[in-house]
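> After the C-alpha cells below, expect a handful of questions from me.
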C-alpha cells in the first residue's frame, strides 16, 4: 500500500516534482477532495444568500459581521499549531517503522550458532525461527487492521502454518488477561537451552549472543504494542482539529466578497470565487490530513506500512536462511584480481565520466601556506615568550580602560578613587588589613578596627571579618595609580549626583562612608587583581 516514487526523483531536473502532482494514488487530492467540495459548497450558499436573499438592511449587518470575522480570524495561530503537531506525528510515524521486528540478525546468529546437519538440528533451527515469526505475527495482528483481516482468528494462524494444533492448545491453556505475543519467545529460549544441553550450541558466548538477539527482537514487538496503546494525547489532536475547522468556519463569512459600492477597505473587487481562500483551505486542511494519515500507519491507507508483505518476506527469508542455506557454501576459488595489487572494477560507457574526476584527498589538500610560515620555531624561544606574557595580569587592560573612563579628580568620584588607590596598594602589600586610612585632608583621623565574626552589607562578606573603617593621615609609600589628572565629567561636581551601581548611604554628609569604601576596595581587588 506504500506509494513509491523514489526512482522518479532520482535526479533533479526541470519540473521533477511537478510530474508527481499528476499522481492520484496516495495524493492529497484523493484524501481532501470531499472536504474541499463541502467547503466550497457552503461558501457558495452563503454568497448566494447574501447577494439575492437578504434585504439591504440585512446586507449591511452581514457586511459588518464579515469584516469583523475577517479581522479576528488571523488571531488563530494556524501555522504554529499545525507545524508542531505534524512534526510530532511524522517523528512518531518513523519511530514506529523502525520498531517493526525484523528477523535478519536473529536468523544469521541462529544459522551460525546452532550446529547439526541431521534432522534434529534442522528441526531445532526451523522451529525456533518459526516461533520468532509467530511472535511478530501475533503483535502485528494486534496493531494492524490489514493483518487482522488476513488472520482474524487463531484458526487462520494455525492453518497458515505459523502454529501447530498442539502449540495452540499450549498457547490457549496459559491463562493471562494480557496480550500473549511473548509466549513464542519463551518457547524459543527453552529450545535454545535444550540445544545448549545437547551440545549443538558449542559455548555459552554463542548462547548469550543468540538470546540477546532474541531479546532485541522481542523488545521491538513490545515497543510496537506500546505505540499502539499510547497514542498522541487526545487533547492535542482536538486542539489542532478545532483550530483548523473553526478557522475555516469563520472564513466562510469573513472571506465573502462584499458590495464594492459600499466602499469597505479591501473590498474593491467582486470576484465571486475566493481563489486564495480556497488555496489556504487546500494547504491547511491538507496539512491536517497529512497528520491524519500518518498518526496510525498500520491501517489500510495508500501510504500505510505494508505489514502483510513484511510477514511474507520475513517468514520466507528466515526459513531459507536456517534450513536450505545452512552449510550450503559455494566452492571457493581465486577471484579475478588475485594477482592484481590495485584492483579496479570496470565501468560502463554510461559511468565512464567518473574516471575523469580526481580522487578526493581532503578539504585541506590544496591549501597553500607561505614558505616563511612553514619553519619550525625553537622550543626555547616559545617558552620564553610564554613566560613573558604570563607575567602580565590578564585583567590589567580592562582595569586601565576603567581608569581612563574615571571622572574628574576634583569631583566626588575623583576623591573616592584616590582613596581607593591607596587602599589597593596596601592590600597588595599585606593580605590581612589591620589598619585602613584615608588620604582625604578634609576628614579627621580615626582608628580602624577589625572584629572577627561580624557582618557587612551585601558584597562585603568576602571573608569572615567585619571591618569598621575611619580615616587617618597615613600616606602611601607608592605613587597612587589614580593620582593623575582626569577629564571633567558631567555630573561630577553636582552635589546630589551618585554614580550608577554604587552604594549611597542615606543620611550621610559624604556620599561614601568608610564601610562603602571597603566594599569598593574588596570588589575591585577581586575583579581585577585575582
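Just so you know, glycine gets a Cβ as well, placed from its N, Cα and C.
What TrEMBL says about a protein is an automatic prediction, not a curated fact.
When I checked TrEMBL for this same protein, it listed these features:
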type: TRANSMEM; residues: 36-54; note: transmembrane segment
type: TRANSMEM; residues: 75-94; note: transmembrane segment
type: TRANSMEM; residues: 128-148; note: transmembrane segment
type: TRANSMEM; residues: 234-257; note: transmembrane segment
type: TRANSMEM; residues: 269-288; note: transmembrane segment
type: REGION; residues: 428-470; note: region 'Disordered'
type: COMPBIAS; residues: 461-470; note: compositional bias 'Polar residues'
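Each of these features: where is it, how hidden is it, and who are its neighbours?
Listed by sequence, the residues of this chain that lie at least six past the ends of the transmembrane segment (36-54) yet keep a Cβ under 8 A from its Cβ atoms are 62, 248, 252-253, 255-257, 272, 274, 277-278, 281-282, 285.
Same-chain residues lying 6 or more positions outside the transmembrane segment (128-148) and placing a CB less than 8 Å from one of its CB atoms are 1, 101, 103, 106-107, 110, 114, 157, 162-163, 179-185, 187-188, 191-192, 214, 217-218, 221, 224-225, 227-228, 298-300, 304-305, 307-308, 310-311, 314-315, 318-319, 321-322.
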> Short question: which residues 6 or more past the ends of the transmembrane segment (234-257) have a Cβ under 8 Å from it?
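For the transmembrane segment (234-257), the far contacts come to 39, 42-43, 46-47, 50, 62, 65-73, 76-78, 81-82, 85, 88, 267, 269-272, 274, 277, 280-281, 284-285, 288, 291, 295.
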> Six or more residues beyond either end and a Cβ under 8 Å away: which residues meet both conditions relative to the transmembrane segment (269-288)?
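Hits for the transmembrane segment (269-288): 28, 31-32, 35-36, 39-40, 43, 47, 78, 82, 86, 240-241, 244, 247-248, 251, 255-260.
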